[in-house]
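One structure below.
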Amino acid sequence: YDWDVVNEAFNEDGTFRESVFFNAYEALGMDGSDYIADAFRWAHEADPDALLFYNDFNLEFTGPKSNAVYAFVQQLQAEGVPIHGVGFQSH
């Protein structure tokens, strides 16, 4: 099995998109983007055998958004966060 754990967390300019999760972390004095790593850790705890993916649109060409997603996923993997791939939305 695979899970689409976090979806559409970035704006086109490569900044993090505000969401209820992002804002809740910020309200607690944390970095708003920390919810992403937590979501992947919790998904892995729930299903250790599942492949876990970040999913977003407009990643098929290089630019601020795709560069930010690539760098962030690399950072998460370097920190040991269980993220196995990136899904490209194409409606």
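Glycine residues also receive a Cβ, built from the backbone N, Cα and C atoms like all the rest.
Nobody curates TrEMBL annotations by hand; they come from automatic prediction.
Pulled from TrEMBL, these are the features on record:
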type   : residues : note
DOMAIN : 1-91     : domain 'GH10'
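For the domain 'GH10' (1-91), DSSP puts the residue distribution at 36 helix, 18 strand, 37 coil.
Mean model confidence of the domain 'GH10' (1-91) amounts to 97 (pLDDT, 0 to 100 scale).
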